[in-house]
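Asks: I have a structure here, written as structure tokens, and I will follow up with some questions on it.
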Number of protein chains: 2
Amino acid sequence: MAGMKLTKSPLAPETTPILPQIAGVEFAVGSNGFYGNRNDVFIARFEQPASAAGVFTRSSTCSADVDWCREALSAGQGEASALVVNAGNSNAFTGAAGVAKNNATIAAVTQLNNSKSSSVFLAATGVIGEPLEPEFIADKVREIWPKLGTASLNDAGEAFMTTDTFPKASTASASIDGVEVQIGGIAKGSGMIMPNMATMLGYVFTDANLSPSVCQALLARYTDSTFNCITVDGDTSTSDTFMLFATRKVGPLIEDVNDERIADFSVAFHKVMHDLAIQIVRDGEGATKLVDITVTGAASVSSAKIIATSIANSPLVKTALAASDANWGRIVMAVGKTDQPVNRDALSISFGDVEVARNGMRVPDYSEDAASKACQAQEISIRVDVGVGDAQAQVWTCDLTHGYVDINGAYRT
Amino acid sequence: MAGMKLTKSPLAPETTPILPQIAGVEFAVGSNGFYGNRNDVFIARFEQPASAAGVFTRSSTCSADVDWCREALSAGQGEASALVVNAGNSNAFTGAAGVAKNNATIAAVTQLNNSKSSSVFLAATGVIGEPLEPEFIADKVREIWPKLGTASLNDAGEAFMTTDTFPKASTASASIDGVEVQIGGIAKGSGMIMPNMATMLGYVFTDANLSPSVCQALLARYTDSTFNCITVDGDTSTSDTFMLFATRKVGPLIEDVNDERIADFSVAFHKVMHDLAIQIVRDGEGATKLVDITVTGAASVSSAKIIATSIANSPLVKTALAASDANWGRIVMAVGKTDQPVNRDALSISFGDVEVARNGMRVPDYSEDAASKACQAQEISIRVDVGVGDAQAQVWTCDLTHGYVDINGAYRT
């Protein structure tokens, strides 16, 4: 499955944070052997009904698991009893066989847990289009169910990696009405990354007592500025899923997302989402540079985002950055191709603190050396003003290197 | 300028066709030294007013040359006396300096040729954003003007190459009302190729006596199915220009594009446009495979084209093809991310004659060996039916290899 040994991204954080124990949820991990001996499946089980919310890929060829999660969230009104996630096979484009596999998995959980189908959530990531036997995951669930409570959230975060070179984890605590609550999040993703409502797979758990509607409102509030602002290759996965689970064990019941008692929690949750999203870019396949692109002076926020994304996805921009080349002409090109309102003759461009173009031309005192130096950094900020309005947007991406070509010639998605 | 020695594309045609002499136009070539000693500028001069028509980039950051050609075509009603094209500097994003350079060049030509400004056409390709001295190209025009008639159309085709590894040339003859007319075309382009109304730079010359409006109508008729159906990297150039010049020396005057006397000519002209467009894909930066993608069963032609282009531009699809991997799951992904009407559960996919998916699933007798074999060919046909309608479109592209990363890390566009 994993066609090659991947070395850890040079952009990886130095250490993985140790995630807190979240009251009211326990984990088990196991291996189906898709990646040698390492774990490639995890279960989360909630002690009492947890609040669940999710955002999912907008792909019209989404996986059976995404179909199911949407259906379950709606049918069960955001009540969760368990989550089963496997790597190695995405169960996308598997037709009736994919639905049969899901039904068998859900049946296994409801029998073990004495819970409703609609409270069981699923996700899968890996090869597209290869149906598994119906009981394949169900058998594994039955095998590792007795081990619930023996694994940590960090263990779960390692068990759904595919081409990831490091596990993505983030944590924060917050005070709700004077009571401290915990937040722990995990995510996976490395290629096929241009989420459209979510990332590859990401889960945040909290022990706070949030209603399902508050969970959904928090996701809606922060997804656009975090997971929907990252791109590795402009390719949108069939399995993108990001979910928030609140075990409701700690603190007062919150039923309104605008309740001022969760102001602190909201900030902390946003930070965790942002952190996980950026970690995915840091693990972009073959990435050697983390690039943030801010477009200002646009006609609207959506226009600013389209332009920033065009720059972020341009193979010519990305290969230049890989070579530490401050090739701002390609940024001009990527702005121009978007069909968005821009004023060519008012355009300005900076790399870090180095302004290279102003009013539609190279700056008079342009220094190739200074611009190149700004592009040699491992983290590069590009700022483009398109000179037509007041709106802005920021997008994060990475460079395009030989590593990307290697990984994607060798790995069967 | 050219940061590295490029080896000839493995997809290059075995030989370059020898283009005919087109009555009524003569050529001169010269060198500004952008690419060592080889020629990097050419002039075409028309003996009598020629009919001109053009299609240009839709980039909102287009070059000063594109601005000028649009203006001249309109002001001069499609009458041409000369064309000056240089490689090495695109004169894009050069503000007032770019306009000054153009004005000086045009003045040099009108003085030498005693012709109107609006009959002088310009184009430039190469680095973006580096202004040239106003007289830089004008001086070269004055130097090589006396050599007009000493160069061939093939020579011109070699003098505007940038990262091209072979000159693109195509020829055909046709009969108009029993009189044989000649068509000769040249094009350049290799990266930053996803034309939107035209390609990087392409010119077709004919001695036929076509009015300017007929020339423009022929371009309009065939651009969408030729140059607008190719992509190397999804990046749209700031300089894209495709022009047709008719010297009006041979055959009857044609003033209506639907005149049945040019039925044969239309077919021949279309063939030349198509041939030049495909040659650009064959010279895609780093390309090792020529890929044609046909999407059928779409809701509309434009929808089919959006889907085909999404497949053609997906880095994951392109890197898989580079590795001869029949990774059709990534095609499912690229279809799904388009937001176009598709029926996932009716989708079918073939590589060449090998059907790999049908009705939203892998075919029952799926053979990885057969699919891989189809992807080992140097020319690969991918066919996708999206199961919602009757419309179709075809797009040509190439694979994404280490060569693309190398070329674009080393070359300053």
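If you go along the chain as it appears here, the first residue is 1 and each next one adds 1.
Each residue, glycine too, has its Cβ placed from N, Cα and C.
Any TrEMBL annotation is an automated prediction that lacks curation.
Quick paste of what TrEMBL says about this protein:
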- B:THR199: active site, nucleophile (ACT_SITE)
- B:THR162, B:LYS188, B:THR199, B:GLU285, B:ASN408, B:THR413: substrate binding site (BINDING)
Asks: Ten-angstrom check, please: count other Cβ atoms within 10 Å of the Cβ of B:THR162 (substrate binding site), all chains counted.
Replies: 25
Asks: I'd like the number of other C-beta atoms within 10 A of the C-beta of B:GLU285 (substrate binding site), please.
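Replies: Neighbour count, Cβ to Cβ under the 10 Å cut-off: 29.
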Asks: Which binding-site residues (B:THR162, B:LYS188, B:GLU285, B:ASN408) come close to chain A, taking a Cβ gap under 8 Å as close?
Replies: B:ASN408
Asks: For B:ASN408 (substrate binding site), which residues in the same chain are close in space, meaning a Cβ under 8 Å from its Cβ, but six or more apart along the sequence?
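Replies: Those within reach of B:ASN408 (substrate binding site), by Cβ under 8 Å and sequence separation of 6 or more, are B:GLY191, B:GLU285.
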Asks: Please list, in sequence order, the residues in the chain of B:LYS188 (substrate binding site) that are at least six apart in sequence and whose C-beta is under 8 Å away from its C-beta.
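Replies: When sequence neighbours closer than 6 are ignored, B:LYS188 (substrate binding site) has B:ALA87, B:THR125, B:GLY157, B:PHE160, B:MET161, B:THR162, B:ASP164, B:PRO167, B:LYS168, B:MET200, B:LEU201, B:GLY202, B:ILE280 within Cβ distance under 8 Å.
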Asks: Per DSSP, B:ASN408 (substrate binding site) is which: helix, strand or coil?
Replies: helix
Asks: Could you say whether, by DSSP, B:THR162 (substrate binding site) belongs to a helix, a strand or a coil region?
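Replies: In the DSSP reduction, B:THR162 (substrate binding site) maps to coil.
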